[in-house]
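Data block below; observations after.
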Amino acid sequence: MTATSVIELLRQQIESCEAQLRDLRQQLAEAEHDQQQEQTHDRLRHATDPHGDPLGHDMNFGIHDDFRSEVFAALSHVEADKPSAPRWPLDKSEYKRYGRQLIMPEIGLQGQLRLKNASVLIVGVGGLGCPAAAYLVGAGVGILGLIDGDTVEESNLHRQILHSTGRVGMTKVDSARIALNSLNPNVKLVAHTSHLTPESAIRILQLYDIILDCTDTPASRYLISDTCVLLGKPLVSASALRTEGQLMVLNNPPLRAGDSRGGPCYRCVFPKPPPPESVVTCGDGGILGPVVGVMGILQALEAIKLLTRNAQPPLTSEPMLAQPSDPPSLLIFSAYANPMFRSIRLRTRKPKCAACSAQASVTAKALESGSLDYVQFCGTVNPVDALSPSERISVDNYAKLRLAINPFTGMEPSKESHILVDVREKVQYDLCSLEGSINIPFSMVSHTSSHPYNEGNGRQQGAEEQTWVSSLRAYPDKPIVVICRRGNDSQITVRKMKELGLDNGGQRWIGDIKGGLKAWGQTVDRDFPDY
Amino acid sequence: MGNIKFSVEFSGGLQDLFGQKKIPIPSDKNEDQIQLPKLLPGESLKLKHVIDGLAAKLKGRNAKLKLFVQGDKGFYEVTPGILVLINDSDWELEGEYEYEIQSGDQVLFVSTLHGG
């Protein structure tokens, strides 16, 4: 059993390394191809050989030799005189590459030049950052900065489209650079391979024209917004969870703090952070790839709109008026609603905002000195610690209880001796579960009031809740073992069961399994799926 | 107030808290009904009454209640991180808790998302 799993592990590792090698070879081939093309291109541009020139070919016929040499002398003279002055504002290959957006009135030559001269920073190269970066690099921004301190994990790949199977374990920034460079080698990519900190935020963000917040925690959202206000940069902020996404363009226009005509910042909209227990991550709540993809692409779109604003002067007959900024709004995307998009009007700058008002307490000095603790400001969730050691059992001991042969009866495993309650939601329970367990979803447990007679939620619900409680009451002698994904909800469930009196005043043992199914998969049953 | 018909909607995960995306008020379904105060003649229904009524539906489930309202100050305040919108515009533009509900209003509670 142990030997085969080691062999299997090695096989998987070799397979992964080979995939990575294949991937690298392909990247190398592409990079070499690009370089070769560039060199050929340069040679063509600087070629003086008239025979290679289509123009020279035409002139070979019916023209005096003297005149010909004069013309060539003149042509080569011009070229020798101004070797660096380009004939067109964009490189020939750029006309070709960006042709489909160049011919749009919203972009045009001026818009493309603005993109080329612009620098954009992407904070977080995950589900939002990957598609946002891909479209901005595709569109030809001059410089793209990437910040992330994480490495690529297998569970990222369904949505973080710049990364690949072969690059699992690589830093997200490096993985993204490889993909983006092969997409468009004209864009200069700047790597910042550690997470943004209050001390480094100003130094890094000041290098860029527009910031995209593609992060996933409230602390980083406040930090990025505050820094954008201090530096006068517009901020395109998005987030996504499960089937929904939200998008805001903040600090737009990015006027200085105290100027009420400036756009609201993240603190204007959310002056106080949410309670930490209400913050759900993609790892816990789930995320559908295209949902976060849509939001990342919308961020790229808003950045392009901001960079190319007023790039095309209006027709001469119309008065020259600068387009005003769009009024501040929050776009809500909901994949399973109809309609899927909904835009709501947001407030303007908050007169007493801590970041962007005249009374702002967030200053560059406070930020750089590290005296603003964003993690503390947003709070953290303490690990659940609701039970005493005697109410908890380790996965190893539970495995013994479950699998060991009973020394008295000789053979009967102890599986039937207790009730194993799995409190993960049904959809997770259906993915994989321990044999013999029963599923009582945590949402049902937490819907159940500990004081049944104070129930104010309507009859039907009350009756339903009673079912799981009474079914456990029907076997008053069997100990109850509760398990969940990581060992938090199981503790709360044990508490609730005791409040409901299911332990018969302490006569029946009720407890949970420490570390949940994650620990079970790591130490007891290596084949148990980890999702 | 008997004639006022409006709706309450939830987004950003709050729909899971209430088990509904949208509750029409008054509702056809008994279990969706929310308790609203009896108003004296001339008194009007305010947004704070609706918030109290919604909070009452979560009573007895403290962990959930706190995700919607906080009652530290002796009255219910919407939990930070939740935007309240009246007919698709920020409630700060409309008078917040004191806003007088009109027939046909759509009140939307949006919890901010953080994933990315």
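Don't overthink the numbers, they just go from 1 along the chain as shown.
Backbone N, Cα and C define each Cβ position, glycine as well.
The active site, glycyl thioester intermediate annotation in TrEMBL covers A:Cys282. Marked as active site, cysteine persulfide intermediate by TrEMBL: A:Cys484. For A:Gly127, A:Asp148, A:Ser155, A:Asn156, A:Leu157, A:His158, A:Arg159, A:Lys172, A:Asp216, A:Thr217, the entry in TrEMBL reads ATP binding site. Residues annotated as Zn(2+) binding site in TrEMBL: A:Cys265, A:Cys268, A:Cys353, A:Cys356. The feature domain 'Rhodanese' is assigned by TrEMBL to A:414-529. According to TrEMBL, the feature region 'Disordered' maps to A:30-51.
Known features from TrEMBL, placed on the structure.
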{"residue": "A:Gly127", "record": "ATP binding site", "Cβ within 10 Å": "30"}
{"residue": "A:Ser155", "record": "ATP binding site", "Cβ within 10 Å": "13"}
{"residue": "A:Arg159", "record": "ATP binding site", "Cβ within 10 Å": "22"}
{"residue": "A:Asp216", "record": "ATP binding site", "Cβ within 10 Å": "24"}
{"residue": "A:Cys265", "record": "Zn(2+) binding site", "Cβ within 10 Å": "31"}
{"residue": "A:Cys268", "record": "Zn(2+) binding site", "Cβ within 10 Å": "27"}
{"residue": "A:Cys282", "record": "active site, glycyl thioester intermediate", "Cβ within 10 Å": "22"}
{"residue": "A:Cys353", "record": "Zn(2+) binding site", "Cβ within 10 Å": "23"}
{"residue": "A:Cys356", "record": "Zn(2+) binding site", "Cβ within 10 Å": "30"}
{"residue": "A:Cys484", "record": "active site, cysteine persulfide intermediate", "Cβ within 10 Å": "24"}
Helix, strand and coil residues within the domain 'Rhodanese' (A:414-529) as assigned by DSSP: 55 helix, 14 strand, 47 coil
Among A:Cys268, A:Cys282, A:Cys353, A:Cys356, which are recorded as recorded positions, the nearest neighbour of A:Arg159 (ATP binding site) by Cα: A:Cys282
All-chain count of other Cβ atoms within 10 Å of A:Leu157 (ATP binding site): 15
Sorted by sequence, non-A:Cys265, A:Cys268, A:Cys353, A:Cys356 residues with Cβ within 8 Å of centre, Zn(2+): A:Ser225, A:Val229, A:Asn251, A:Ala257, A:Pro264, A:Tyr266, A:Arg267, A:Val269, A:Arg349, A:Lys350, A:Ala354, A:Ala355, A:Ser357
Chain B, Cβ under 8 Å: which of the recorded positions A:Gly127, A:Asp216, A:Cys484 qualify: A:Gly127, A:Asp216
Between A:Cys353 (Zn(2+) binding site) and A:Leu157 (ATP binding site), the C-alpha gap once rounded to whole angstrom: 39
Nearest of the binding-site residues (A:Cys265, A:Cys268, A:Cys356) to A:Ser155 (ATP binding site), judged by Cα-Cα distance: A:Cys265
Those binding-site residues of A:Leu157, A:Cys268, A:Cys356 having Cα within 10 angstroms of A:Cys282 (active site, glycyl thioester intermediate): none
Model confidence over the domain 'Rhodanese' (A:414-529), averaged pLDDT: 87
Rounded Cα separation (Å) that holds between A:Cys356 (Zn(2+) binding site) and A:Asp216 (ATP binding site): 23
Cα proximity to A:Cys265 (Zn(2+) binding site), best match among recorded positions A:Gly127, A:Leu157, A:Asp216, A:Cys484: A:Asp216
Residue pair A:Gly127 (ATP binding site), A:Cys268 (Zn(2+) binding site) - Cα distance, angstrom, rounded: 26
